Amino acid sequence: MATITTLASSVPLFRPYSFPGGSSRKPKKDNLSIKPPATSSLKVNAKLASADDTSSNFNKDNWLASADELSRSFPPGFLFGGGSASYQYEGAVKEGGRTPSIWDTFAHEFPDKIADGSNGDVAVDFYHRYKDDVKLMKKIGVNGFRFSISWTRILPSGKLCGGVNKEGVAFYNSLINELLANGIEPFVTIFHWDLPQGLENEYDGFLSGQIVNDYRDYAEVCFQEFGDRVKFWTTLNEPWTFCYNGYVNGSFAPGRCSTCTAGNSGTEPYLVAHNLLLSHAAVAQLYKNKYQASQKGQIGIVLVCFWMVPYSDCPYDCEAAQRALDFMLGWFLHPLTYGDYPESMRHLVGERLPQFTEMQAMMMKGSIDFLGLNYYTSIYAANNESPNPHDISYTTDSRVNLFQKRDGILIGPATGTPAFCFCPEGIRDLLVYTKEKYNNPIIYITECGLAEANINTVDQGVKDVERVEFYYEHLKFLRSAIKKGVNVKGFFTWSLLDDWEWNSGFNVRFGIVYIDHEDGLKRYLKYSALWFKKLFGK
């Protein structure tokens, strides 16, 4: 992930966003049917700790030294890795038997929706350069690499009946073997938004329940071909982002929304999310029943959430922050933990929110061995006291307004992605909240990163001291969360390489390795990569 679009009442996540409302406003009493809580566990600024080891000692003039402070902070076996995704990295979209995904179609048919008009046809050419990139990983010292499998490289028709593509299987087998030979654990995502265009054409993809069987068939091929070596599987990457940007505002593939050429922002996001959850449950059940005992791996899911800070200490704003968490994280994690959607969603969305059968709820509940959690920023959440009754949309259903500013002051320093302010304490607060709300799951931070914009030269790009500071601060607050009992087992940077960032194109850079688009996509280690190298003792 790693970009955002437009934010309205409930958060969106990935791709540059414009935020609703002004920078300041006084909360008013809600005239809706929801009653405010007498007390709330969500306090303004959500400062869960002060007398811990999170004070900043970062020195920009001696940035490398800060790695020493954290070098022995994490337990043995802790995974440190870099993240990637197939469409953002691989390129070679017409090679090796691969067929188009919805992102190929979207980027080519709607170049105006991509900031620089680019696409992922070449991306960073990982398909041809993966062996050299694995050498870079080993040089940096990471012991994990998160990547996704391209559905249409494995099943070009999207369906098992259309045949398995041996070239695609061979590519991922070679990548996995290369990683393991270099002491790097593969951490594999089965679906990272690149749905086969053929399935979108046939039955509208995840809008149809037919997707569950096709997705399960695809996942089973992955288990059969790669499961003897892959010990960490995630079924879905950020289903919230897929639903919000794909079906609420139309900024991502497949580009559907109420004001788009097709779509309904008040119904389709909920239907797509429901089918994503059912697909996850079917695949998790398949893996646990048929493959886990012999392959000895684990299966989870990757979710994303901002930390929601109440706009004021008014009880209505505290409750709004809780609703915002429900509508972003709880939308998916609540069914996976408790078998149903959060009560706030059931109350506010009503009959537009699909229901699980008793059997589906049983399949869903407890279906993850671990949770992948992506964190980028925090945001203020305020009660929306006067929702437009004619605007029926996911963005208004939560009755929350989100703000980056309070009294004209940003919640944290600005970054290269307008939607993401620098709020490192939020990673601790979100982790502690997840522990307490959702039964203390095993957690891997599967994405966390800083975007930089307007970086066009190697010399400028490699000197990313701000990114070093970003990771230093976030890892300190992550360490604090671990000391508070959160069961965190790993941390993956977003991203390993500067990549193609969805609707931001190549305009922003998240990598710890610089990609020179002016000189044949040459790779250069940034200061942040050298910092991690020292952190790992390499």
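Quick reminder: no glycine exception, Cβ is built from N, Cα and C everywhere.
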- According to Swiss-Prot, Gln88, His192, Asn237, Glu238, Glu447, Trp494, Glu501, Trp502, Phe510 bind beta-D-glucoside, and the residue from Tyr291, Tyr311, Tyr376, Tyr380 that belongs to that same site is Tyr376
- Task: Would you identify the secondary structure of Trp502 (beta-D-glucoside binding site) according to DSSP, in three states?
- Result: helix
- Task: Please compare the disulfide-bonded residues Cys257, Cys260 by how many other CB atoms fall within 10 Å of each one's CB, and tell me which has the fewest.
- Result: Cys260
- Task: Please give the greatest C-alpha separation between any two of the beta-D-glucoside-binding residues Gln88, His192, Asn237, Glu238, Tyr376, Glu447, Trp494, Glu501, Trp502, Phe510, in angstrom, as a whole number.
- Result: 18
- Gln88 (beta-D-glucoside binding site), Cβ-centred 10 Å count of other Cβ atoms over all protein chains shown, is 26
- Task: Calculate the distance in Å between the alpha carbons (Cα) of Trp502 (beta-D-glucoside binding site) and Cys257 (disulfide bond), and round it to a whole number.
- Result: 18
